[in-house]
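Below you'll find the structure, written out as C-alpha cells, and then a few comments.
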Amino acid sequence: MTADLPYEIWMNIIEYLGNDTINLLLVSKYLFFLATFCNISKKKLYKSIIKNGYIDILKYIRELTVNGEISAKIKMDKNLSMLLATKYGKLNIIKYLVRNGTDIRICNNYPVRKASKYGYLDIVKYLIREDCDVSDYDNYALRKATKNGYFEIVKLLVDQGADVHCCDNAPIKLACKYGYSKMVKFFHKKFLDVNYDFNEDLLLKLASSGGHYKIVKYLVTKSNNIHFEDSLISVIKKGHLDILKYFISKGVILGNNKNIRNATLMACKKGHYNVVEYLIDNIISIENMKKKYSCDIEIDIFKKNLITNTCISGNLDMLKYLISKGINVAFEDNLPIKISACHDHLHLVKYLVSISNVKINYENILISASENGCIKVVKYLVDKGVNVKDNTAIYSAGINGYLQIVKFLESNGADLIKYHNEIFLECSSNGYLNVIKYIVSKYNINKSIYDKALIIASKNNQLKTVKYLVHMGADIKSIKFHDMEKIIDNDLELLKYLVSKGLKINNIYKNLISKIIMNNDLDKLKYLISLGVNMKCIRIDTFNSCIQNRNKEMLSYLISRKIKLICYCEEGTEEDSEEDTEEDSEN
C-alpha cells in the first residue's frame, strides 16, 4: 500500500510532483516528517485536511500534540482548525473542536460570521446554541447573509438579536439592491412595527436600478410619500421598461426635460432599444421638439448624440429606428461610421456605408479602426480597396500594440519601415513588447534607438521591456543624471535591475529623497542609502510630514541614522535646524 512505502521513495515522489503533493501525503504514515521536509505551511496542511473532511487525521494530530510527539510547526492549532472548518462548512469538525475546548467566539465571532456568509444554516444554528454573538463586527453575519440571499439565516439572526438597522439600514438596502423580495417585506415590516423612519426613496432607487419589479411595486404600494425622480432616471439608464411603464401608470409625469433626455442618451449607449423607442414615441417626440424648444442647436445636438451613442452600443435595430424617425446620420465627416469602426461594430459600418449618400473618407476610418484594434473593420476596409500604402494606419496600430493589425496591413502593402523607429520608441514607452520584438525581427535597429528606447522604457516603468532592450545591447550608460528622478520614482524592482546591470547612483536630488520619505517608501530609501546616496540631512517639513502621517517605521529609521534637519531661510538658503531629529520627534 502507498502508506507503507519507505520515506526515501516518498522523497522521490515529492520531488517529481512538486506542489501537487499534499493530498498524496495525507495517505502516508510519514505525513508530518514529509510535510516539514516539503516546507508545507501549517495553514496549507490544515486547509487540505479540513476541506476534505479528514476528521480522523485531525484527531490524530491532536493526540500527537497532547503527547508532545509532533513538530511545533504543525502541532494542533484549534483556532485555525475552527476558522477553516467554518469556512468549508464542516459541522462535525466544528463540534469536535468545541468538545475539546475551542472557543466559538474567536476573531470577533468569526465562525458565525462566515457560516452566515456562506449559507451554512446548520452551523449557524449550532453556534447560536453554543452562545455565539450574532451581532459582532457591526452585524456582519446579518449583512452577509442578506447580501447572499440566505433568508432562513437572516430570520434566525434577527430572532437572536441581530440589528436590522445596523450600518444605516444596510440589510434592507442590500435586499432591495440584490432583489430579495421576501427579505424586503420582512425588514420593512420590522421597520413599520417600531414606526422607524427610513429613506424610502433610496430603497426604491436601489430596487429600480436592479430591475426588481416586485420589490418596486411593493415599496410604492406601501408608501404614501415616495419620490420617483432619482429612481426614474436610473430605470431609464438601466433599460427597465416594465418599471418605467409602472411608474407612469402611477401618475409619474416624465416631461421632455434635460434629465430625461440625458437618461435616454445613456439608454442608447447601453443598447436599451425598447426603452429608447418607448420614450421617443411617447415622451420626447422628436417630431414635436421644435414646438417646445426655440433652440435648434440643442435639438440638433440631442439627435446627433442619439446616433453616436447608438453606434457605441452596436444596436443595429435601434439605429434603423432612429433613422426612421428622420434623424440624419451623415454629419461631421461621417462620425457615426467612424465611431462604429472604433468599436469594431462591422455590421453597423456596413449598414451606414450602404445607405450613405455623401462621400466617405475611408482612409480616416481605417486609421481609427487600426488605432483601436478593430481587426474585423480593418479587414473589411482593406477588402474594399482602401489605400493602406499612403496613410498612417500601420503607425496607429503599432503604437497601440495591435500586432495582428500591423502584420495584416503590412501584408497588404503598408510601409512599416517608414515608421518602424517611431513605433519602436512608442512601444517602449507603453510596454508593447510583442510589437518591439516583431520590428527587431525584420529590421536592423540603430544602437542609438536602442539606447533612447531604454531611457523611455525605464522612465515609464516597463521592466520587461527594459530587460529585453538590455539583452539586445542597449547601453545602461545612456541613462543620464537628469533621467534618474523619473526612474527612481518607479518600482524598486526596476531600479534594482538597472543597478545590477551597471547603473551608477552616487547622488540624487534632495527633493526626490524628500518625496520618497513622504511616500513612506522605506525599502527604496534603504536601498538608495545602501548604494551610497548621501542623506546626512533632510528638510524639517519632510520630517514633520512623517510625524503627521504617523509613519512610525520611517521615523524610527531616520532617528536611528541621526539625520540632521535643515530648513529654508527666506532668502532661500538652507540652514541647520537647532533641533535634531530625536528632539523634534519628541515634540
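Even glycines carry a Cβ here, placed using N, Cα and C.
Record features (Swiss-Prot):
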type: REPEAT; residues: 77-106; note: repeat 'ANK 1'
type: REPEAT; residues: 108-136; note: repeat 'ANK 2'
type: REPEAT; residues: 137-166; note: repeat 'ANK 3'
type: REPEAT; residues: 230-256; note: repeat 'ANK 6'
type: REPEAT; residues: 259-288; note: repeat 'ANK 7'
type: REPEAT; residues: 302-331; note: repeat 'ANK 8'
type: REPEAT; residues: 333-360; note: repeat 'ANK 9'
type: REPEAT; residues: 361-390; note: repeat 'ANK 10'
type: REPEAT; residues: 420-448; note: repeat 'ANK 12'
type: REPEAT; residues: 449-478; note: repeat 'ANK 13'
type: REPEAT; residues: 509-537; note: repeat 'ANK 15'
type: REPEAT; residues: 539-567; note: repeat 'ANK 16'
Mean of the pLDDT scores, which run from 0 to 100, over the repeat 'ANK 9' (333-360):
96
Is the repeat 'ANK 10' (361-390) packed against any residues at least 6 beyond its ends, judged by a Cβ distance under 8 Å, and which are they?
333-334, 337-338, 340-346, 349-350, 396-397, 400-402, 404-405, 408-409, 412-415
Residue counts (helix, strand, coil, in that order) that DSSP gives for the repeat 'ANK 13' (449-478):
23 helix, 0 strand, 7 coil
What is the number of residues in the repeat 'ANK 15' (509-537) that are helix, strand and coil, as DSSP sees it?
18 helix, 1 strand, 10 coil
What are the DSSP helix/strand/coil residue counts across the repeat 'ANK 16' (539-567)?
18 helix, 5 strand, 6 coil
